[in-house]
Amino acid sequence: MRASARIIAGIAAVVLIATAATAFAIAWRPAIATIDPPGPQAFDTALVKRGRDLAAIGNCSDCHTLRGGKNFAGGLPVSTPFGTIFSTNITPDPDTGIGRWSEAAFRRAMRSGVNREGQHLYPTFPYDHFTNVSDEDDRALYAFLMTRQPVRAAPPENQLSFPFNQRLAIAGWKLLFLRHDTHRPDPKQSAEWNRGAYLVEGLAHCGACHTPRNALGAERVSAQFSGGDVDDWHAYAINEQSRSPVPWTADALFAYLREGWHPDHGTARGPMAKVVSNLSSVPASDVRAIAVYMAGVSDKPASARAEPNEAALARAGRAAQTNSAGASIYAAACASCHEGRRPLPYSGVNLSLSTAISSPDPRNLANIVLSGVDAVEGERSPIMPGFAASMNDEQASALLNYLRARFSEQPTWTDLKKTIADARRTQAVFLQTSPGPRNAPADPQQREKP
Ligand code: HEC
Ligand code: HEC
Ligand code: HEC
């Protein structure tokens, strides 16, 4: 080794050791002392009630409840590109849950993604958004969780490969990507807009699904809301890149987010159905605030996509003669509902209004065609049968190509056969991880009005 190379190697070693020491210093968090479980009577009922609504806005139960399992007892596998992480038990069980956590320990988990013992938590728990939640709201969430039924249940071990199985590595991730207080009130905007911004950027963590992620799983802030992935679904772009054939307005967003359906946009399905199901149970004013804020986000200078409802509908008359196999499947299996005379929403919207067909990603359309739209238990709701058993991959891909050509102005999708095969394979996964929307999409007339 030449002398200069040796010096460089020496410097590199010193830098490495220094970095490791700094990383350790930054990474280390003390444990917070355990408390005796306070018991439900220790909390004010009004505070608990508010915590209940906040927990619904934060979708806590969707990730922390296994289908058919006890509420908040954890154990749901959350798949990530790095492996599977299981959600934890957040009931007040003293041994396997958070029964011995003080409010300070809970707040630290929400703020900084550190558990009571001082270990770093994976950002699958969306604390990169929850860092914006106020102390007051954390107090209400804590009161709500500590008054739930304690359940004894330990989650399975995470299945992650090296180095992702090292919790210390999360400290490095945080150093690179975790920003605190990313939400600042804007005094130029209304109180309603500010409330919406606070919820969207914080507890409601809309960006966790709708913002694309980088190679290390962090949201790409510069591409906020331009479309992301969740559980084999595409969470559409909901900013100015939205492909919705009819632009979203605050009123349409309010209806869709609260009732799971709007005549210009159809239903919310998959992971979004669960979001809507939660939002249908919280104060309408909070959903309205979210809609008002998001309408501003998607309301940037409208691009060519923005066309009135009539123009989108007129396109539906356009015949696409090139794909006769797809056309005959559509005529036989779909048109009777989607062009039928039954009233909306039971018939299914005209497909030229569907973002699923205009989206750059065909996965949602494949999911809908194969699995259909499930009925909502105990409510009169739109239903569409699944076609997984009655169509082979060839037929399904001819149909999807036809729908794309006839009902959108977007370029042909490539690799549809693979998308369809993947959608078939993962059907079983939705069945496991989705508890099924509890009250959406549903008959808006039946929904209790606030
Ligand atoms: C997208 C899924 C998801 C959502 C939504 C979610 N969590 Fe979690 N949460 C997780 C996962 C996964 C973990 C485990 C992370 C780990 O092991 O590092 C976790 C961990 C936690 C922990 C740490 C518990 C412990 O024992 O270490 C708390 C507290 C918590 N979540 C509370 C909440 C609350 C409160 C909400 C709603 C406001 C919520 N979570 C919403 C997925 C989620
Ligand atoms: C757990 C992941 C997840 C979260 C959290 C989430 N979404 Fe979604 N969202 C989706 C998915 C997936 C779809 C596509 C659903 C479909 O195909 O019906 C969607 C669809 C939508 C649509 C329809 C877009 C269109 O053009 O059809 C809107 C609007 C929307 N979401 C807004 C929101 C807002 C606002 C929030 C926060 C309050 C939010 N979403 C939170 C996953 C999510
Ligand atoms: C029994 C009636 C029925 C049949 C048959 C049917 N659908 Fe549906 N479809 C519905 C209903 C109801 C919905 C949910 C309401 C909505 O989104 O419009 C729906 C939703 C959809 C959506 C989502 C629209 C949106 O919200 O973005 C697509 C895409 C779709 N159907 C395609 C098809 C295709 C393709 C076929 C034929 C293979 C088909 N449907 C057959 C009733 C039906």
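Glycine is treated like the rest: Cβ placed from N, Cα and C.
Counting Cβ atoms from all protein chains shown, CYS60 (heme c 1 binding site) has 23 others lying within 10 Å of its own Cβ. Marked as heme c 1 binding site by TrEMBL: CYS60, CYS63, HIS64.
What TrEMBL records for CYS206, CYS209, HIS210 is heme c 2 binding site. In this view, CYS206 (heme c 2 binding site) is surrounded by 23 other Cβ atoms within 10 Å of its Cβ, with every protein chain counted. In the three-state DSSP scheme, CYS206 (heme c 2 binding site) is classed as helix.
Annotated heme c 3 binding site per TrEMBL: CYS334, CYS337, HIS338, in sequence order. For HIS338 (heme c 3 binding site), the same-chain residues lying six or more positions away in sequence with a CB closer than 8 A to its CB are SER347, GLY348, VAL349, ASN350, LEU351.
If you look up TrEMBL, you'll see 46-149 (among others) marked as domain 'Cytochrome c'.
The domain 'Cytochrome c' annotation in TrEMBL covers 191-298 (among others).
Annotation comment: TrEMBL describes 321-407 (among others) as domain 'Cytochrome c'.
What TrEMBL records for 430-450 is region 'Disordered'.
Checking the binding-site residues CYS60, CYS63, CYS206, HIS210, CYS334, HIS338 for a CB within less than 6 Å of any atom of ligand 1 leaves CYS60, CYS63, listed in sequence order. According to DSSP, the domain 'Cytochrome c' (321-407) comprises 46 helix, 2 strand, 39 coil. Fewest other C-beta atoms within 10 Å: among the binding-site residues CYS63, CYS209, CYS334, CYS337, that description fits CYS337. Within the set of binding-site residues CYS206, CYS209, CYS334, HIS338, CYS206, CYS209 have a CB atom less than 6 Å from some atom of ligand 2. Proximity to ligand 3 at the level of Cβ atoms, with a cut-off under 6 angstroms, picks out none of the binding-site residues CYS60, CYS63, HIS64. When other Cβ atoms within 10 Å of the Cβ of HIS210 (heme c 2 binding site) are tallied across all protein chains shown, the result is 25.
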